[in-house]
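Enquirer: According to Swiss-Prot, the protein has these features:
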- K11, F59, R87, T93, R104, N114: ATP binding site (BINDING)
- H117: active site, pros-phosphohistidine intermediate (ACT_SITE)
Amino acid sequence: MALERTLSIIKPDATKRNLTGKINAVFEGAGLRIVAQKRIQLTEKQAGAFYAVHKERPFYGSLVSSMIAEPVVVQVLQGENAVAKNREVMGATNPADAAEGTVRKLFAESIEANSVHGSDSLENAKNEISFFFAETEILP
């Protein structure tokens, strides 16, 4: 098992309902340690750049719009196999398909308002973490 870091974003649909603490408790209960966290208001330019990989997809515009509607909480989670563990803890993208006890089953409103984002690979985690955090902002 490898100690890894992954990026998590608590999305606007969850922050507007004051669910940050409850979602953090699920992450921590699963053995993921929050080593950096900040609440920010994304600009359209930032959200567009972050989700640039989806630019040609039909949902891109609504995704960017939803991510700038309210503040988000960006965080770095650390733990054994953190990327896979976080994806397991988040649950399926569609909350209707998510397993019981996962963040999306517990808190998501819909496939569009699914409460959290998590890196899907170790390489993407490194890129996504550096998008939001300087190394000096992350606890060892």
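Each residue, glycine too, has its Cβ placed from N, Cα and C.
Walk me through the surroundings of each of these features.
Expert: Secondary structure at T93 (ATP binding site), taken from DSSP and collapsed to helix, strand or coil, is coil.
Taken residue by residue with DSSP, H117 (active site, pros-phosphohistidine intermediate) is part of a strand. Remark: H117 (active site, pros-phosphohistidine intermediate) has L7, S8, I9, K11 as non-local neighbours, by Cβ distance under 8 Å and separation of at least 6 in sequence.
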Enquirer: Measuring CB to CB from N114 (ATP binding site), give everything in the same chain under 8 Å that is also at least six residues away in sequence.
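Expert: Long-range Cβ contacts: K11, D13, T93, N94, P95, R104, A108.
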Enquirer: If one looks at the chain holding F59 (ATP binding site), which residues at least 6 apart in sequence have a CB under 8 angstroms from its CB?
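Expert: The answer is E112.
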Enquirer: Please identify, from the binding-site residues K11, R87, R104, the residue with the sparsest Cβ neighbourhood, meaning fewest other Cβ atoms within 10 angstroms.
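Expert: Looking at the binding-site residues K11, R87, R104, the Cβ with the fewest others within 10 Å is that of R87.
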Enquirer: With every protein chain in view, how many other Cβ atoms are within 10 Å of the Cβ of T93 (ATP binding site)?
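Expert: By my count, 13.
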